[in-house]
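Some notes on the structure that comes next.
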């Protein structure tokens, strides 16, 4: 992300610079149109599809919970409209954090262009990872994921979700979709775009896969685990920009990164390879959302393993690069010995002149003049 220079002149309407400077205001107006649509009966039915979660199912109260009935949700095609609206919300929040927090810090710290771009990236991602990690942990605790790990595969397919779980997934999809237009809004360098596209695409692929295959329990646990490790990395990088001697956070992150990859593989194999493989119902059924067949299980495990291997490969390259930079910084400079020339002509040239500059020769030195006078 390049530094945005503010100019006193107003750019032409709907020009490239106009869209970059005012994209948050334009998106805010679009979001307000959906909210205003809720106020009128004619447009309320269409607007509510974008704003509220769809596919609500009311489960009647059981004997254990006779006081109230449970409202659960499943997914459908209308979720695309909801994701679109909250993608607009994510763009607005992104602009607020950028203008009122990160830009003010950048003006105080006077970062270079490279550090400015990385600082903005880590600032935005650390805020998102912290929020998503806290929210996901709250869901895990409230729905007894921690006290009963078998909930990851028991009673599959998990085609019904609580409001918090579905809203969490909708928000995740909306956030990572908003990252595509942000590449344009933040003037991302061309050489950084392929890396960003791979990064965003992997998130969308795995989040959408867990959501559509009704593996939302496993996906939620893995996301919280991954987000915590990523939050530690980006918050450490923010501290590093203010003090380049800061290395403790990176050391802790390196350990937790490896442990996170290991835990991800263990939980995935335990859930998909053992838990779902021993389930009684192993027939493909789109109506009930049951995808517990051998081909799907192999595809899920393969995608997770390949992604973890790719992340470890990037991690090892990153650590090797840091180690080389640290070694080069710590290595003492090599002292060059002056070359000793042989022969009378070289000695005479050295005495009488160096690089064309005339110097005093041996006969004119104070010591030799003293010997002659004696």
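Counting starts with 1 at the first residue shown.
The backbone N, Cα and C atoms fix where each Cβ goes, glycine too.
Swiss-Prot lists 334-347 with the feature compositional bias 'Basic residues'. What Swiss-Prot records for 352-363 is compositional bias 'Polar residues'. The feature domain 'TLC' is assigned by Swiss-Prot to 117-326, with sequence analysis given as support. If you look up Swiss-Prot, you'll see 56 marked as N-linked glycosylation site, on the strength of experimental evidence. Marked as phosphoserine by Swiss-Prot on the basis of a large-scale study or a structure entry: 365. The region 'Disordered' annotation in Swiss-Prot covers 333-374. According to Swiss-Prot, the feature topological domain 'Cytoplasmic' maps to 1-29, 98-121, 181-192, 239-251, 319-374. What Swiss-Prot records for 51-76, 143-159, 214-217, 273-297 is topological domain 'Lumenal'. Residues annotated as transmembrane segment in Swiss-Prot, with sequence analysis given as evidence: 30-50, 77-97, 122-142, 160-180, 193-213, 218-238, 252-272, 298-318.
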Handout entry: Integer mean pLDDT for the domain 'TLC' (117-326)
Key = 94
Handout entry: Cβ-Cβ under 8 Å with the topological domain 'Lumenal' (214-217): same-chain residues at least 6 beyond its ends
Key = 145, 151-153, 156-159, 161, 165, 169, 271-272, 289-291, 300
Handout entry: Residues from the same chain, set at least six apart from the ends of the transmembrane segment (218-238), whose C-beta lies under 8 A from its own
Key = 118-119, 121-123, 125-126, 129-130, 132-133, 136-137, 139-140, 145, 152-153, 165, 168-169, 172, 206-207, 209-211, 246, 248-250, 252-253, 256-257, 260, 263-264, 267-268, 271-272
Practice task
Might you list, by sequence position, any residue in that chain lying six or more from the residue listed as 'N-linked glycosylation site' with a Cβ less than 8 Å away from its Cβ?
Solution key: 71, 72, 73
Exercise for the section: Residue list, the transmembrane segment (298-318) vs rest of chain: Cβ under 8 Å, 6 or more residues beyond ends. Expected result: 202, 205-206, 209, 213, 215, 254, 257-258, 261, 264-265, 268-269, 272-273
Handout entry: Proximity of the transmembrane segment (122-142) to the transmembrane segment (30-50), 3+ C-beta pairs under 8 angstroms
Key = no
Fill in the blank from the handout: Its residues classified by DSSP, the topological domain 'Lumenal' (143-159) shows 4 helix, 0 strand, 13 coil
